[in-house]
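Report on the structure given below.
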Amino acid sequence: MKTLLLTLVVVTIVCLDLGYTLKCNKLIPIASKTCPAGKNLCYKMFMMSDLTIPVKRGCIDVCPKNSLLVKYVCCNTDRCN
């Protein structure tokens, strides 16, 4: 009985992923990656000349400021970029 209970606890821990991990899209939205510790934002980077097609996506710790050439869009939920 103790073995069964221990097995259930281990399976629950593995399935629930007790440490929350953020998943962000890569450049191709079909593919995603799990962000490392400390990188708690997803981002999309656009060139200001064409705001319809992102040129880079991934995980980041702080959302960068926009510049004259580049615009960043950041968010904090799974695959939001």
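Backbone N, Cα and C define each Cβ position, glycine as well.
In Swiss-Prot this protein carries:
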{"type": "SIGNAL", "residues": "1-21", "note": "signal peptide"}
{"type": "DISULFID", "residues": "C24-C42", "note": "disulfide bond"}
{"type": "DISULFID", "residues": "C35-C59", "note": "disulfide bond"}
{"type": "DISULFID", "residues": "C63-C74", "note": "disulfide bond"}
{"type": "DISULFID", "residues": "C75-C80", "note": "disulfide bond"}
Which of the disulfide-bonded residues C35, C42, C59, C80 has its Cα closest in space to the Cα of C74 (disulfide bond)? C42
To the nearest whole angstrom, what is the C-alpha distance linking C59 (disulfide bond) and C42 (disulfide bond)? 5
Are any of C24, C42, C63, C75, C80 (the disulfide-bonded residues) within 10 Å of C35 (disulfide bond) when you go C-alpha to C-alpha, and if so which? C24, C42
Looking at Cβ-Cβ distances, which residues of the chain lie under 8 angstroms from C75 (disulfide bond) while being 6 or more apart from it? L41, C42, Y43, N81
To the nearest whole angstrom, what is the C-alpha distance linking C24 (disulfide bond) and C63 (disulfide bond)? 14
Candidates C42, C74: member of the disulfide-bonded residues with the richest Cβ shell (10 Å): C42
Among all protein chains shown, how many Cβ atoms are found within 10 Å of the Cβ of C35 (disulfide bond), not counting that one? 19
Three-state secondary structure, which DSSP defines for C63 (disulfide bond): coil
Are there any residues in the same chain, six or more apart in sequence, whose C-beta is under 8 angstroms from the C-beta of C80 (disulfide bond), and if so which? C24, C42
Residue with minimal Cβ packing [other Cβ atoms within 10 Å] among the disulfide-bonded residues C24, C63: C63
